[in-house]
Every structure is written in C-alpha cells, then in structure tokens.
C-alpha cells in the first residue's frame, strides 16, 4: 500500500488506526461536556487509549513520570468520557467528559486558567476562572 | 532559581513563558467560539505564537512541511482569535476562534469528524458532522 493510499485510509476510513508519535503517544484534548471549555491537554499511549475506551473513564500517559495513569487515581477528580473523537490524521483525540471537580493538578477546574493579553507589544497573562476547587498540597501528599 | 521555583513561577505567575518542546513547539487547540467544538489540534513555534498575538489571526508551524503557516493562506479559511489562554505549565495554548468555513484540510468544519465506537471489544469509527464545506482537490491545487 502506498503512503498516500495509507494516509487516505486513515483520513477517510472508519478503521481505528491511531498514529502514535516516536514516543508512542497521541495528543488528547479533554473538554467539559457541560460548558465546552478545554479542561486539559495530555497524552495517551496505546494502553491508555484502550483502557479509556474499555472503561469509559479517562486514562493518560504521563511523560514526566513515564507511567500510565488513571485520571483521578490520586485526586479523586475523575473524568467520565461521554464521547471520543479522532482527528483527520488520527494523531489527536478529543474527549468530551463529565469532570468531577478539578481537571488541573493546581486544583483548578481547567488547566487553562490564564488568558494571554497584549498591550503595546508586551505580552502577559491574567487569571480567569482561576479559583481552586482543592488544595493540591493536601491532595498530593508525598 | 531552582527548577521547582521556576516551575511554580510558570504555573502561578503572570509572565508569558511558553515552554517549547525539543522541536521548539507548543501544542495549540483551536475551538469554535460559536459552538465550543474542537476544530483542530496543531503546533506553534515562537514566531507563530508572536504573529498570532500581534495580528489576531491564527498562525501555526507545520511539522510535515517544516514551515510557518498562516491559517487560511491557501484555502481562505482563516481563524480570527477571540481569546488565547495558556495552560498550567505553558506548553499548550487554547485559542477560541471565529472560523471562516472549514478548519480541516479535508474540507470539513472540524478535523474531528469521526467518533470512536466500541462494540464487543471491536473499536471502529463513525462519521459525525462530516459534511464537506469545500472540495480539497479544488482548493489545494498543485
């Protein structure tokens, strides 16, 4: 099969063919099914994808810890997957989730709690929707 | 400055400090400001980020073409950025955009035009919101 036929299949076909990167990962975007807000961007390896599909709860692969991880296993802040979609070239996954509490390890609902602002060429951030739902120091005790 | 102080600054501070990967890129998620749908997942290098902020139109960096790229420069399907947010560790950007026409190179509104389905352990895709708004063969002529 030529590369272009293969690419065409992956884009227009109905077979599930995740395109993992050199590290064996796809990018996953989780949005809040209630608000449409992006909660987090993370990664899944083949096992995380399979477990997410099989269980209906989000599993990820942590690049920093080099480990499979069930969302909420430490914090209790789980994600129930309502829908999963693949993108055109199948290297990214979008899950719409029911988020229990906070998606972010900082204790916020979403990891995207700062807005980019630009004034006279200076770029800075400002907090938005940044209240904490839990205290990470209490939740992630060593 | 210790790594942990630096990490804390990046997560809790208001300075814009994108954390580029080894290839000089951050991940960007574009959602439709009208519907909340994820339109695409792509990458930005420093220049793409700066141009997006300065112009209010989305610029990306194509890994396959190794080139900076203004969204819509070939297709006319531009993205006006209504809001840009950074995630906790500043390696991902979320932009809410007004999308002209289709975000996907296949001619669809969103790159996420297939849903993942699982039946008796078999995983497959099904089309959803998959109508084409343009014919890519006409738009991307060689």
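From the backbone N, Cα and C atoms, a Cβ is placed for every residue, glycine too.
All protein chains shown were included, and the count of other CB atoms within 10 Å of the CB of residue B:91 (Mg(2+) binding site) stands at 16. DSSP gives residue B:91 (Mg(2+) binding site) a coil state; it is part of no helix or strand. Taken from TrEMBL, the feature Mg(2+) binding site covers B:87, B:89, B:91.
A C-beta separation below 8 Å, combined with a sequence spacing of at least six in one chain, links residue B:104 (Zn(2+) binding site) to B:39, B:40, B:110, B:111, B:113. In this structure, residue B:104 (Zn(2+) binding site) belongs to neither helix nor strand by DSSP; it is coil. What TrEMBL records for B:88, B:104, B:111 is Zn(2+) binding site.
Sequence annotations record features per position, and here TrEMBL assigns domain 'Phosphoribosyl-AMP cyclohydrolase' to B:40-113. The domain 'Phosphoribosyl-AMP cyclohydrolase' (B:40-113): residue composition by secondary structure is 10 helix, 31 strand, 33 coil, according to DSSP.
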